[in-house]
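What TrEMBL records for this protein:
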SIGNAL    1-18  signal peptide
TRANSMEM  86-108  transmembrane segment
TRANSMEM  177-198  transmembrane segment
TRANSMEM  210-233  transmembrane segment
TRANSMEM  239-259  transmembrane segment
DOMAIN    392-491  domain 'Calx-beta'
DOMAIN    505-604  domain 'Calx-beta'
TRANSMEM  730-754  transmembrane segment
TRANSMEM  807-825  transmembrane segment
TRANSMEM  837-859  transmembrane segment
TRANSMEM  880-899  transmembrane segment
Amino acid sequence: MWKLCLLLACCTITLTLAADDESFSNSTMLKRLHDGDYDDDMLMVSSRGSENNDNEEDGVCPDGLMVAAWRPQKNLSTGDRVARGLVYFFVMVYLFIGVSIVSDRFMAAIEVITSKEKEVIIKKKNGEKQIVVVRVWNETVANLTLMALGSSAPEILLSIIEMFAKKFQAGDLGPGTIVGSAAYNLFVIIALCIVVIPKGEVRKIKHLRVFFVTATWSVFAYIWLYLILAQISPGRVEVWEGLLTFMFFPATVLTAYIADRRLLIFKYLDKNYRMNKRGVIVSAEGDAALEMDQQQQTDKLAADSDEMREFDEARREYISLLKELRAKYPQSDLEQLEMIAQEQMINRGPKSRAFYRIQATRRMVGSGNIMRKIQERAQSDLNEIKAQLQRVDVNVEDDEAMLRVFFDPGHYTVMESCGEFEVRVMRRGDLSGYTTVEYETEDGSAEAGSDYVGKKGVLNFPPGVDEQRFKIEIIDDDVFEQDEHFYIRLSNPSDPAILAVPKVATVMILDDDHAGIFAITQSSHELTESVGVYEVKVQRYSGARGKVLLPYWTEDGTAKAGKDYEPQEGQLVFENNETEKNIAVGIIEEGSYEKDVVFYVNIGEPTLAPDDELAGLIQAAEQKSPEDLTEEDKMALLGRPKAGETTRALLRIIESKEFKVSAPKTNTIDKLVQRANASMILGTSSWKEQFVEALTLTPEPTPTCANYVMHFVTLFWKILFAFVPPTEIAGGYLCFFVSICAIGVVTAIIGDVAGHFGCTLGIKDAVTAICFVALGTSIPDTFASKVAAIQDKYADASVGNVTGSNAVNVFLGIGVAWTVAAIYHEAQGQVFAVEPGTLAFSVTLFCSEAFIAITILMLRRSKTVGGELGGPVTIKYVSGFFLFSLWLIYLIVSSLEAYEVIQGF
C-alpha cells in the first residue's frame, strides 16, 4: 500500500510542476460540430462548459453529487492547496480500500451464483442412460458477465454515476478511468505477470480461441469509441451510437461462447474434453490434449460418449498425479497417498477470478490467506471431498427412485505383492427387484496375464441387496517396473437399472521390487552432551530388494570431532528386505555451561553389493549406450538404489538439562491445499460468521506489524460491509444486489473526492482519471493476477481475462451512460455533446499500443519462450519492461495532450 501511495504522490507532484498557470483553468470549449446542421438553441454545452469553467477560473470547485467542496475556496495560498490536495489524496486511497473490501463481498456472491451445478441424465445412442454433473453457468459466459462486472464495477459505475451527477452531460472522469484502467490492465498487470513466474517456468493461455475473440473485441471497443467521437458524428453522440455500443456487450459474450463451445466454424477444429476437479464437464484445449500419450489417445477413441471421455480424462489425471506423489513421498503409506491424490485432483483446477480477487484483497487488508480456510474445511470433512470427486451418491430430480449401479470406490491402489484385493459394486434406488450387471477387466499400462489375472463375470443383486463384491488377483514378480494401472468396466445392467459414475474402476499397481530409496528419517536432532551414544536412524523405503551398501560420515560444524563428538565413517549394509539401520555417534561430555554446538551426519549414494544377483544385470546395462538399452535394461536401471531427500542430518549438542525433543515432524497433508470449491469457501452462511471474520486478524503464519496496521486501518470498512447479507440467503442474489449498491455509493464518493482533488491542485479530470482513479481501482486486480499467474497452471486467470474485461468496461460503462444521456437529450430536443479531444486521442494511443502488446504476447508463444508468461530470464524481463514502458508512454503523452502541450484531435 505504501508503494501505491508513493507512486500516486509522485504523479501528483510531477503533474503539478508540469502544469503552468494557464493549465489550472479548464477553458477549452467544445469544437465546432462536424455538419453544422444544428441551431444554437439545440446545442447544450457539456458540464465542462462556461458555468463550470467560470467557477474553476475563479478558483471555485463545484460541489459533488455526495460530497460538497471544501470551503472556503477563494484566496487560498499554495500551501493550503497542497495540504488540501494531500487530504483528498489520502481520503481517496482510503475509499479505494473500502471499494475493494465491498467488492470482496460482491465477488463472493458472484462465485456462489456462477458455481451452481446440476445433475442431469444423458441418454446415449445405444439407449444407455448416464448421470453426469454439469455447471449451470458456462465458464466463458460467467467470466464475461458477472465476473467482469465484479472486477470492473467501480469503473463502470463511476462512468454512469458521473453522467447523472453532471445532469446528463459528458464528463472526463468516468470515460478516462475506463480507458486508463484498460491501459493499466493490459500493460502493467501483464508485465508483472510475465516477470513473477518462477525461473524456468512458463504459463500459456489455454482457451486460446476465446482469448482471440475477446482480444479482438477489446481493441475494437476503443476503435469504436474513436469512430463515434471523431469520425461518425464529431462532437456529439447520437442515440443509435450509444445503443449500438451497449449491444456490443451481448455480441462479445455470444461470440466468446461460440468460440468456447466450438460452434459454427469452430466445430470443424480438433475437439478435446476434460472433467474439472468438481466432476463438471468442460472443454479442454492446448496442453490438456498434448499431455495424453498414445495409449490414452486409444482410450479416448474407444470411449462411448463425450461424457465418458471426460471421466476417462479425469481418471488419467488421477493416475498421473498418484505416480507423481509416490515419487515425491515414497515413505508415505498407500492410504495417505490416495487421500492426497484425491484432494489435489480437486485443487489442481484453475480458480476463478473471484477466488484470486478475494484472496488478494484479504491479504492486502490483513485478513489472511484464504487458502488456510480451504485447508481447515477440507481436513474436517474428507469424506465429502471423496464423495464430490467420485460423484457416486447423486440425487436425480426427475426420478429419485431410479435404480443405479456403480463402483464404490472408483479407484483402487494396491501393492504388487498384495496377492488379491476385493472390488465393491453398489446398487442404489429401488431395491425391491432383481438386478444383474456384467463386469470385465481391461488393460491399461498393466497387462492381463503378466501383471494381473484378467477376469469377467456377472454380479447378481437379489431383492434387498445393495452391494456385491468380487476379487481380482495381482501377479507378483521379482523385476522392477514402473507403476501400472488397469480398468474394471461395468456393462449391460438389467432393466430398469442404469450405470452411474463411476462405472469404470481404476486399479493402480505399485511396484515393490525397487532396491530402495535411502534417507535419514529426521533432518534435525537435539541431544544433551550426557547422552553418551546417539543413534541416527536411516530408513529404506519404496522397495527393499537386494543387498545394498550405504556410505556415511560425520562432518564438523561448530562442534569439533574429538572434542565434542567421536568422528565416524564407514558404510551401512542393508541385507535383502532389511529396511532400517542406525548410525551410532559417541558424544563427549565436557560439563560445559550453556553448550550449544552442531555437527552433521551425512549419507552418500547407495550401491548394490558386488555379490548381489542384480548387480551384474545393472552393471551390464550401465555399460550400454542409451540407444542399445532394452526394456529390461531400462527397468533394471530404474530399480537401482537411490538416495532420498534427507541425506544430511544436523545434530545439536546442548548442556545436560531436561528437555523435550522439538524436531519438526513433517505432515505432507498439511502442506497441500485440499479444497477448490471456491463457492463453499468464499461464501458465508450467517451474519455472525461475517462479523467474526471482520473482527479477526488471521494472516499466516503469524500476524506481522503491517498486518495489525492494515487490520485496524480497514476495520471500519470490514464492520460496515459485514452487514451485507450472507451469500447463503437467496442463493447469493441478495448479497449480489446489496453489494453492487454499496459499491455504487462508495464509487460516487470516490468520483466526488477525485474531482475535488484535481480541482484543488489544478489537475484536469482526464489526467486525474488515468493517473490516479484508474490505478486505484485496479490495485486489487494487480495482486489477484500476480497470485493467479504464480499458482495457476495456465495464464487464463491472470492474462486471458484482461482483454474481456477491457471490452466489457467500454460496452457497459460508456454504452449505458451515453445511451441514457443521448435518450434524455433527444427527448429534450437537444444534442448530447461530447468533446472528442483528450478522450479520442487517449483511445487512439491506447489502441496503437494494444496492437503491439497483443503481438508481443503471441510472439512469446513461439518455441523460444513457450508461453505468454515467464520463460527465459532475459526475455521475460525485457518483455515486462517493454510493456511497462508502453504504459508510461501512454500516461505521459495523454497528459501532455490534455494540457495542450502536444496537438490532439
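Heads up, the Cβ atoms here are built off N, Cα and C, so glycines get one too.
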| Candidates 86-108, 177-198, 210-233, 730-754; stretch with most C-beta pairs under 8 Å toward the transmembrane segment (880-899) | 177-198
| task | Sort out for me which stretch, of 210-233, 730-754, 837-859, has the most Cβ pairs below 8 angstroms to the transmembrane segment (239-259). | result | 210-233
| query | Which of 210-233, 730-754, 807-825 shares the most C-beta pairs under 8 angstroms with the transmembrane segment (86-108)? | reply | 730-754
| said: Within the same chain, where does the transmembrane segment (730-754) have neighbours whose Cβ lies under 8 angstroms from its own Cβ atoms, ignoring anything closer than 6 residues to its ends? I mean 6 or more beyond. | reply: 64-67, 88, 91-92, 95-96, 98-99, 102-103, 105-106, 108-113, 116, 149, 153-154, 157-158, 161-162, 165, 173-174, 683, 721, 724, 765, 768-769, 772-773, 776
| note | Lying 6 or more residues past either end of the transmembrane segment (210-233) yet within Cβ distance under 8 Å of it, the residues of that chain are 34, 140, 144, 179, 182, 186, 241, 245, 248, 251-252, 255-256, 259-260, 796, 800, 803-804, 806-807, 809-811, 814, 834, 836, 839-840, 843-844, 846-847, 850-851, 854, 905
| remark: the domain 'Calx-beta' (505-604) resolves under DSSP into 0 helix, 57 strand, 43 coil
